[in-house]
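Chemist: Heads up, here are the entries from TrEMBL:
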type	residues	note
DOMAIN	A:110-201	domain 'FtsX extracellular'
DOMAIN	A:226-341	domain 'ABC3 transporter permease C-terminal'
REGION	A:1-46	region 'Disordered'
TRANSMEM	A:74-94	transmembrane segment
TRANSMEM	A:221-241	transmembrane segment
TRANSMEM	A:274-297	transmembrane segment
TRANSMEM	A:317-339	transmembrane segment
Amino acid sequence: MKRAVTPRPTGAAPKGKRQVAKPARTSSKPPTERRGARSQQTRFSSRVRAWGRHHRAMALDSLYRLVRHPVGNLLTMLAIAIALVLPAALWLTLDSAKLLDAELDESATLTVYLETTVDAAQSARIEEAVMADVGVETTRLISAEQGMAEFQQSLGIEDTLAGLEDNPLPASIVIYPQNVEPAAMAQLAQRLEAFSGVDEVRVDLAWVARLRHLADLGRRVALALGVLFGCGVLLVVGNTIRLAVESRRREIEVVMLIGATHAFVRRPFLYSGAWYGVGGGLLALGLLGLGNHWLSMPVAALAGSYGASFVLPHLDVTGSTILLSCSTLLGWLGAWLAVTRHLSSIRPR
Amino acid sequence: MIAFEHVGKRYGGRFEALAHLNFRVARGEMVFLTGHSGAGKSSLLRLIMRLEKPSRGRVVVAGHDIAELHASQVPFYRRQIGVVFQDHQLLFDRSVFSNVSLPLEIQGVEPREAARRVRAALDKVGLLHREKALPVELSGGEQQRVGIARAVVNKPALLLADEPTGNLDPQLSADIMALFEDFNRIGTTVMIASHDLALIARLRHRILRLQDGRLVADEGAA
């Protein structure tokens with residue numbers, strides 16, 4: 001900053017030199033004027049420094065005020081933390097459900113049932129024709145005999161069915177489509193139904209779609225909850241700051257009488273709000289970790305009993321940073337709203 | 001320094017606190033403002049401090065028409081004016097030193113420079129030895145002197161005082177007035193509202209006399 005103004009010679013020159021250079025001027029002006037001329041050169045940089053100094057001072061001052069009343073402030077932070085934990089936990093759960101969703105996509109298939117009159121050679125031709133469709137990734141032909149064997153195996157009723165004269169099952173083709181979007185799969189099914197020799201196409205979509213809708217719903221609920229609880233955080237911080245403003249009303253009136261700007265008056269309260277947010281965010285992270293620890297054992301056991309290896313999601317560094325930034329921002333914003341609303345009602349007497 | 005032109009101030013539509021005020025105060029003058037309580041002394045000072053705007057007329061202070069100051073400019077305008085309040089408006093949870101340094105803190109003066117100026121101001125009012133005390137530990141006269149130190153610490157061009165000797169005994173009052181005269185001697189424009197007629201008559205400065213919101217006498221103008 002100083003360098004930027006050096007082209008003005010009088011300001012850049014050292015004090016002694018300037019007095020020599022312009023003796024008439026300096027001697028005719030009182031000392032305060034001289035100081036004024038110099039300070040004008042560095043006014044901007046000194047203002048920036050003063051601004052930084054006040055920020056630092058207020059950040060520490062508000063932190064000190066927070067620490068001085070630990071219990072009440074801890075309760076405020078806990079309220080913030082609880083409000084943050086609920087949507088965050090829901091979001092985490094859905095995030096891990098998304099992983100499940102990806103696995104499910106792999107198992108999204110169509111099954112084409114051929115007419116019972118179709119023989120093995122014909123079904124191979126139909127499979128070839130099906131393969132030619134652009135929407136088809138791969139296929140797997142299940143002949144009537146294979147189908148029967150699988151059926152018997154899965155039911156464990158070999159003897160009963162062995163008594164049947166004819167195999168009542170049709171041959172079928174399992175199709176792995178390229179695009180697993182529900183709409184694309186429905187279109188593919190329509191095309192396949194038009195093939196000759198095809199009796200029926202079944203899309204095992206319903207439950208995939210349902211799960212997707214459910215996840216979608218869950219995400220929306222999480223978002224709505226996030227917004228609601230975010231507002232809750234704003235209110236909690238806003239109310240706390242409102243009380244703080246009220247308790248320092250006299251001080252505010254006095255400093256406004258002697259020329260404090262609104263920004264100056266607001267600053268300590270904004271820092272208090274941000275500290276509440278930081279504290280609440282850290283507590284929320286702690287609560288999430290605790291909850292994870294508390295639930296991981298039964299969840300692992302439950303998943304194990306299904307033969308799955310579902311692990312409760314952890315909040316990673318990015319997630320933690322986002323949560324902490326959000327809570328800090330919310331604290332700051334709550335304080336800003338409260339102070340701004342309140343300052344207009346405070347007029348120095 | 002101060003110019004009132006046909007100034008009127010009404011509160012709530014009917015009550016006329018000030019009416020048809022016309023006067024000027026030159027730079028470097030020392031003026032007393034007197035009149036019975038309710039005559040409009042405080043309203044007049046509040047106009048100069050831009051705590052209120054005139055209902056009629058123009059108030060020009062240090063070249064600023066106060067009605068035209070934008071809300072964001074008001075803090076910077078007030079920094080040019082040192083004000084001594086009757087109830088001193090000190091902050092009781094801060095030391096004497098920190099009370100006096102408040103205006104410098106607001107203006108962002110560098111701490112070492114601020115400390116130097118605060119000590120100079122406290123020295124001027126004779127309270128340098130009490131800088132670490134809290135205001136409650138001081139007597140009424142001492143509290144008022146802290147208020148004065150705070151008003152002058154940033155060397156304002158204009159010093160206003162509203163009944164600065166209101167609750168003080170005659171000897172202390174005379175001391176306080178002598179302090180104001182000292183500041184006036186180094187070029188500060190001083191305006192003091194007071195109803196202590198005996199005291200201000202002795203001091204031989206210009207006296208503006210208000211009655212029911214009107215200027216009824218302008219005595220001893222230089």
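Positions of Cβ are set from backbone N, Cα and C atoms, glycine also.
Unlike curated entries, TrEMBL annotations are predicted automatically.
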Chemist: Which stretch from A:74-94, A:221-241, A:317-339 shares the most C-beta pairs under 8 Å with the transmembrane segment (A:274-297)?
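Modeler: Counting Cβ pairs under 8 Å, the winner is A:74-94.
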Chemist: If you average the pLDDT over the domain 'ABC3 transporter permease C-terminal' (A:226-341), what number do you get?
Modeler: 89
Chemist: So if I exclude everything within five residues of the ends of the transmembrane segment (A:317-339), which remaining residues of that chain have a CB under 8 angstroms from its CBs? That is, six or more out.
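Modeler: Counting only partners 6 or more residues beyond its ends, the transmembrane segment (A:317-339) has Cβ contacts under 8 Å with 80, 84, 88, 92, 230, 233-239, 241-242, 245, 265-266, 269-270, 272-278, 280-282, 284-285.
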Chemist: The transmembrane segment (A:74-94): which same-chain residues, six or more beyond its ends, come within Cβ distance under 8 Å?
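Modeler: Counting only partners 6 or more residues beyond its ends, the transmembrane segment (A:74-94) has Cβ contacts under 8 Å with 215, 218-219, 221-223, 225-226, 229-230, 232-233, 236-237, 240, 276-277, 279-284, 286-288, 291, 313, 315, 319, 323, 326-327, 330-331.
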Chemist: By DSSP, what is the split of the domain 'FtsX extracellular' (A:110-201) into helix, strand and coil residues?
Modeler: 41 helix, 22 strand, 29 coil
